[in-house]
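Annotated features, as they stand in Swiss-Prot:
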TOPO_DOM  1-20  topological domain 'Cytoplasmic'
TRANSMEM  21-41  transmembrane segment
TOPO_DOM  42-56  topological domain 'Lumenal'
TRANSMEM  57-77  transmembrane segment
TOPO_DOM  78-171  topological domain 'Cytoplasmic'
ACT_SITE  C157  active site, S-palmitoyl cysteine intermediate
TRANSMEM  172-192  transmembrane segment
TOPO_DOM  193-220  topological domain 'Lumenal'
TRANSMEM  221-241  transmembrane segment
TOPO_DOM  242-401  topological domain 'Cytoplasmic'
Amino acid sequence: MQCRKCCFACEKWCFIGAKAFLPLVVNFLIIWACWVHAWLVCWEPQLFESDTTFWRVYGVAGVAIGIMCNVLYLKVCKVGPGSPTDIDNFSVPLVEYQNACSAEGQHLTPPREMANSVCAKENGGLRFCTKCIGWKPDRSHHCSNYKRCVLKFDHYCPWFATAIGFHNHKYFVLFLWYVTILCFFCLGSTGFVFYNHILEIGAMRGPDGNTDYVGAISVNVMILMVLALVFAIAVGTFATFSLYLVFNNQSTVEFLESTQYRSAVPTAAYRYTFAPTSKTVGNVFDVGWKRNFQLVMGDKWWMWLLPIQPSEAARGNGTQFPLNKQVLQKIREAAAKEVQIRDQNQAYIKQQRQQQQKRTQYDLPQHLQPPPQEHYEYDDEAQDSGDDIPLINMVNKNNTK
């Protein structure tokens with residue numbers, strides 16, 4: 001037991017350390033890369049015999065891209081992903097939640113924005129977070145690292161020490177692409193220096209093969225060239241994947257997991273088919289690649305490259321999203337089919353029960369059969385004779401002829 005507590009404590013402190021250390025590493029690498037790219041390479045006149053103006057402009061462009069990377073990084077961390085608990089009526093008071101849990105037949109009233117929700121939890125009901133004690137709108141999930149529910153949750157990024165969600169998704173995608181561009185800028189400048197250095201070694205090699213008099217290349221330049229190549233491949237791949245998700249209007253969670261949609265018959269009731277999901281009927285939030293891109297990056301082309309968010313009127317507040325009408329129609333058809341199957345099966349079960357009751361009544365063994373019914377009739381002759389006998393004689397109809 002003590003060992004488990006130590007493991008949890010160690011994990012907690014490692015997470016806190018990484019949360020504080022990794023953002024420093026990211027910003028340091030960006031600043032260091034700009035310094036090496038601009039000052040040690042592009043602004044070094046000895047490295048280039050001609051086109052010094054081009055390389056100086058090239059260096060300034062790389063620094064501008066690096067500054068944009070830092071601005072986007074700060075935007076991702078400062079703006080945050082957004083949480084449903086920050087929106088009115090989505091948080092439930094603790095006393096009201098406790099009363100609803102303790103009293104039978106008492107239910108919590110969801111906000112009006114939840115009336116049009118298309119996503120459902122496993123039991124078919126509206127999605128509710130018992131950790132945050134609040135309602136979860138479509139595409140929202142609870143992040144254990146962020147310790148809150150996140151609007152349009154994508155993933156938790158330790159390099160930013162925050163979650164990526166509805167409000168900072170655009171900044172995150174732009175950051176990936178600007179870092180990729182910066183890597184290619186640095187790779188171009190350092191690669192050109194390295195290439196010239198190789199040519200210089202070949203041209204100045206003496207008859208004895210001695211190259212001691214050839215100028216040495218900077219260690220910073222070599223390290224930057226290697227890191228730029230590695231990060232260009234890694235971050236570039238992730239940036240391409242993120243842009244693919246933007247065009248499909250999907251988050252990383254929705255790409256990896258199936259989203260269950262609401263049905264007319266919740267799973268908690270007596271169901272006969274599986275509820276419709278994103279894998280069976282399609283992505284209901286996919287409204288076309290162009291509109292999907294505009295919802296995240298903005299309506300105007302100049303907004304696509306700048307850290308400027310579209311207006312809330314254009315993209316909403318993260319609780320409701322435009323829906324694909326064709327997929328929505330499939331969800332409704334699946335719900336109607338489920339209701340039809342349920343009604344047919346319930347009618348069949350009712351009919352079978354009635355037939356079973358009749359069969360049980362007529363198929364009893366002989367010794368369990370009820371005795372013949374006895375009927376009582378008036379004996380008119382005995383009544384007329386005046387004899388002292390009962391006025392009613394018991395006559396068994398089965399024995400009468």
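Cβ atoms here come from the backbone N, Cα and C positions, even for glycine.
Long-range C-beta contacts of C157 (active site, S-palmitoyl cysteine intermediate), restricted to its own chain and to partners at least six residues apart, with a cutoff below 8 Å, comprise A163, I164, F172.
Residue counts for the topological domain 'Cytoplasmic' (78-171) by DSSP state, with H, G and I taken as helix and E and B as strand, are 22 helix, 18 strand, 54 coil.
Summarised as a single figure, the pLDDT of the topological domain 'Cytoplasmic' (1-20) averages 63.
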